[in-house]
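Q: Below you will find the structure I want to go over with you.
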Amino acid sequence: MTARNLAEWQNFVQGCIDFRPNDGVYRIARDMFTEPELFELEMELIFEKVWIYACHESEIPNNNDFVTVQIGRQPMIVSRDGKGELHAMVNACEHRGATLTRVAKGNQSVFTCPFHAWCYKSDGRLVKVKAPGEYCEDFDKSSRGLKQGRIASYRGFVFVSLDTQATDSLEDFLGDAKVFLDLMVDQSPTGELEVLQGKSAYTFAGNWKLQNENGLDGYHVSTVHYNYVSTVQHRQQVNAAKGDELDTLDYSKLGAGDSETDDGWFSFKNGHSVLFSDMPNPTVRPGYNTVMPYLVEKFGEKRAEWAMHRLRNLNLYPSLFFMDQISSQLRIIRPVAWNKTEVISQCIGVKGESSEARRNRIRQFEDFFNVSGLGTPDDLVEFREQQKGFQGRIERWSDISRGYHQWTYGPTQNSQDLGIEPVITGREFTHEGLYVNQHGQWQRLILDGLNKKALKMHDVTFDNQSVMDEV
């Protein structure tokens, strides 16, 4: 296969999406998920351009704390300096490019390169060079510090952007999606959350966009997670026979098209979306008996109900899911290749919550979200099988039109209650308009990046034969 030039890439990306509202057509090309060269463009024009989730501030609470992360293809160190300020530094020595630290986290005021012992402070400044006498007198350490990206935090959630020329703030990027971070953070009387010790990291044999779709897919719940639904129903029967109540979320109604349940979704600018539903038995949530009265008193009944009586899957496109439902989970998406994705799963909770609430949160997390839980393995199988199915090139298109005749493009009672302005609203948990927003943003970012590349370079594709004729 020959490499595409810029114009050919623009045509390809333009042709990957077929949205014709007047005809009720909403479909995407499956080769969005199967092109190795496209993956490199996605890394350059999406993951190395927009704000990408890096870590939570609770993971680096002290001066000189750090974690190592991957932003697109770039190895990064996210650190606090000696004054507590945040930095996002490329984890590569300015001398010959070796990584400075090879551990996941720690506390260091100085990073010493294991290769040639150049030393950098936790704010990225180069402070020492081994055997400096062989360098010229004008060798300037102050100009050789670690390259840094933009870094910002919203209510403890730390994001990095490698586009140092961009002017958009993190809050601009998040937009109305911030409200759904607030709904979790506000459950804490101190306004602080914390990532719990330990995390799971796993890979699946599929494209990164599959995970972004799946976390917003209410349609698959009652089929793919049937075993979990059945298990919960069995627990309910056993507990009822003992006179006890169910101690986990009653998942049985989700995704079954129950018209009595207030559910649906919002899609926002920049590709963000949230899937929500009434929670059948909200009193099983960690700390419910103390958190709910606190929220009602401080924020009012409606906002308290949104925080504690509704489950929410928030996708901050393209790199993070914040699940506040069966338990509370951060699901970080890290693309590895066009057909391989790493997911990092962490439990996040209210800082200072009671030991009983914390125990409940962890048990509920392990039950469904953990790698060995009853939910995650089901989804990973479907990612793998979708990626296999996409090789069936006779059919190019996937349909994402479910419920299009009921999508709303103006205010609803729910959006007014929350003070938000979604670009699309769905009134049913299983409708697929969230993907229209998600993949529309994918196309916008790629095309915008390609157009900017076209302005910066003159793209020439040589015909080998004509060149030889001239020789």
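The backbone N, Cα and C atoms fix where each Cβ goes, and this holds for glycine too.
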Q: For the Fe cation site, Swiss-Prot lists HIS220, HIS225; sort out which one of ASP65, ASP379, ASP399 goes with them.
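A: Between ASP65, ASP379, ASP399, Swiss-Prot records just one in the Fe cation site with HIS220, HIS225, namely ASP379.
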Q: Determine the Cβ neighbour count for CYS93 ([2Fe-2S] cluster binding site): the number of other Cβ atoms within 10 Å of its Cβ.
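A: For CYS93 ([2Fe-2S] cluster binding site), the 10 Å Cβ neighbour count is 23.
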Q: Could you tell me the C-alpha distance between ASP379 (Fe cation binding site) and HIS95 ([2Fe-2S] cluster binding site) in angstrom, no decimals?
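A: The separation of the Cα atoms works out to 44 Å.
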Q: Beyond HIS220, HIS225, ASP379, what residues of that chain have CB atoms within 8 A of the centre of the Fe cation site's CB atoms?
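A: Leaving out the recorded residues gives ASN214, ASP217, VAL221, THR223, VAL224, GLY375, ASP378, GLU382.
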Q: I'd like to know the mean pLDDT over the domain 'Rieske' (52-160).
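A: Result for the domain 'Rieske' (52-160): average pLDDT 97.
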Q: Is it possible to get the count of other C-beta atoms within 10 angstroms of the C-beta of HIS225 (Fe cation binding site)?
A: 20
Q: For the C-alpha pair, I'd like the distance in angstrom between HIS220 (Fe cation binding site) and CYS113 ([2Fe-2S] cluster binding site), rounded off.
A: 48
